[in-house]
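A.B. asks: Just passing along the structure, written as structure tokens.
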Amino acid sequence: MATNRTFTMIKPDAVENGHTGAILEKINAAGFRIVAMKKTQMTKRDAETFYGVHSERPFFGELVEFMTRGPIIAAILEKDNAVEDFRTLIGATNPAEAAEGTIRQLYATSIGENAVHGSDSDENAAIEGAFHFSGREMF
Ligand code: GDP
Ligand code: MG
């Protein structure tokens, strides 16, 4: 059910820096069930579409460049109150402002290269999950 799911990506910086296992461990420990998961690399067009809402922002080009420079781990996660609880687990967009023990505080390097994505609403969680996965890849 969409209301209990969120979508995440472990971003290229965290994959490059070898944090995939530690981040998945924290996600698991926080009680999220993996509905779907894969390692993939976004094309420029994928990133421009996925982050389309930010197309007028000054950092858009940098964001697309970053998100396409290497592989990511994409996943759909399930838990009660998934969207909000996952945003709490990852912390603020800027790691300098992220709460102690959050994934971004621990593993992000900057406001741009901030280790993980988390959907911001149930509606976007469904859209973003469907962007990366077909129904046959969700369990
Ligand atoms: P999120 O929902 O916490 O991921 O943050 P936003 O939706 O506001 O922004 C989407 C993504 O764009 C962030 O996770 C960052 O990777 C990137 N981003 C946001 N603000 C900035 C910025 O000021 N500079 C750069 N380079 N990237 C940013
Ligand atoms: Mg966002």
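Quick reminder: no glycine exception, Cβ is built from N, Cα and C everywhere.
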A.B. asks: Look at the ATP binding annotation in TrEMBL, where LYS11, PHE59, ARG87, THR93, ASN114 are given, and name the residue from ARG45, ARG104, ARG136 listed for that site too.
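C.D. replies: That ATP site, as TrEMBL gives it, pairs LYS11, PHE59, ARG87, THR93, ASN114 with ARG104.
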A.B. asks: In terms of Cα spacing, which of the binding-site residues LYS11, PHE59, THR93 are within 10 angstroms of HIS117 (active site, pros-phosphohistidine intermediate)?
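C.D. replies: Those close enough are LYS11, THR93.
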A.B. asks: Taking ligand 1 as the reference and 6 angstroms as the Cβ limit (strictly under), which binding-site residues among LYS11, ARG87, ARG104 are close?
C.D. replies: none
A.B. asks: Is ARG104 (ATP binding site) helix, strand or coil when read with DSSP?
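C.D. replies: Reduced to three states, the DSSP call for ARG104 (ATP binding site) is helix.
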